[in-house]
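Visitor: This structure is in structure tokens; I'll ask about it shortly.
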Amino acid sequence: MYFSKTAAALAALLPLATAQTYTDCDPLNKTCPADTALSSTTFTTDFTSGSFGGWIATANNVTFTDEGANFVISEKGEAPTIETDFYFFFGKAEVVMKAASGTGICSSIVLESDDLDEIDWEALGGDTTQIETNYFGKGDTSSYDRATWATVSTPQETFHTYTIEWTESATTWSVDGTVVRTLAYSDAQSGTRYPQTPMRLKLGIWAAGDSSEPEGTIEWAGGETDYSDGPFTMTVQSVTITNYNPGSSYTYSDKSGDYTSIVVNNGTSSSTTGSTTSSSSTSTSSTSSGSSSTSTSTSTSSTSSNSGSGSGSSTSSESSTSASSAAAAGSSSALIGSGSSSGSSASASGSASASSSASASASPLYTGAATQVGASTSLLFAGLLAALL
């Protein structure tokens, strides 16, 4: 489930489901290093050209073909995963992906923050008609009613563009330009469980149907994975990220986990990158709140046809005021939401740097089905941790 870097060292001893998502330093509990920010408003990677700048491989290797980056599971224990080497603070992530086929195989697109806010797409290899959307706030897995399922035609055979647009007022999930879900800030426990802190983008594939997984996870994944049916390949063609609050780094000014507490250090120009190279920083720019206006959005609903431990099938409907995009430049040490600023900038060390990769390499980094496992997995983890201590 969710745990710190210290606990991540136990990952190799546990079923994969207990090691899905972790943080090097949780700013809800202590003061953490600043997160390296995307310094331009736009970051683009064309994996068909073999480009890998701006990414870190955190588990197994990724290969490249003229179709894009291939994430391949050939045998038990493999879970190729990459993540951006920077964070962004409200914005848009567009991923052109063809999901992997195979019973129990999960292809994942995840936005995740240091305090374990999370926004997900998850495609199951045995489900040829739909894909799951999900979110988490501050690592809270006390309920399992957040997932919905969106209709997608043959996601294992066709490249689709999966988009998450994320602002302080609402998050939308879109497939090929059509919004399939909208989550308003107020719909997530009055905003207390709304994802709202700087995120990295993570891409990867893992076997949720592995025989070592808890029964609830395997059921959610559509059944047990037969590795002799492999290899299983997820292919990502390209990624485009738009950062609504560019800067050199992001700092949590307190332990609230609220977006108004995030300081954007050294605001940058709003120039657009055409590759994986960020633009240079400038000394002054205006304060950004992530979006400049809102417009009423119709509600969307999706019925879950997959059951996971603790949640079962559910119908989820959300209506919201959807924030429109505004790629405004960040400010020098601007406190987002308050408009205040400080006189100095923090260093960009990034609390989840490449050095963290070793602790995560034993398993994938995604919550998804793992959060469907519930109490049984948590108890297993607690028991092993107690034994080691």
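Please read every residue number as a count from 1 along the shown chain.
For all residues, glycine too, the Cβ spot is worked out from N, Cα and C.
Curation plays no part in TrEMBL annotations; they are all automatic predictions.
According to TrEMBL, the protein has these features:
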SIGNAL    1-19  signal peptide
DOMAIN    34-236  domain 'GH16'
ACT_SITE  GLU118  active site, nucleophile
ACT_SITE  GLU122  active site, proton donor
REGION    210-229  region 'Disordered'
REGION    268-322  region 'Disordered'
REGION    339-359  region 'Disordered'
Visitor: So if I draw a 10 Å sphere around the Cβ of GLU118 (active site, nucleophile), how many other Cβ atoms end up inside it?
Guide: 26
Visitor: Under the DSSP assignment, what numbers of helix, strand and coil residues are found in the region 'Disordered' (210-229)?
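Guide: Once the DSSP states are binned, the region 'Disordered' (210-229) shows 10 helix, 0 strand, 10 coil.
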Visitor: Taking the Cβ of the residue listed as 'active site, proton donor' as centre, how many other Cβ atoms lie within 10 Å?
Guide: 25
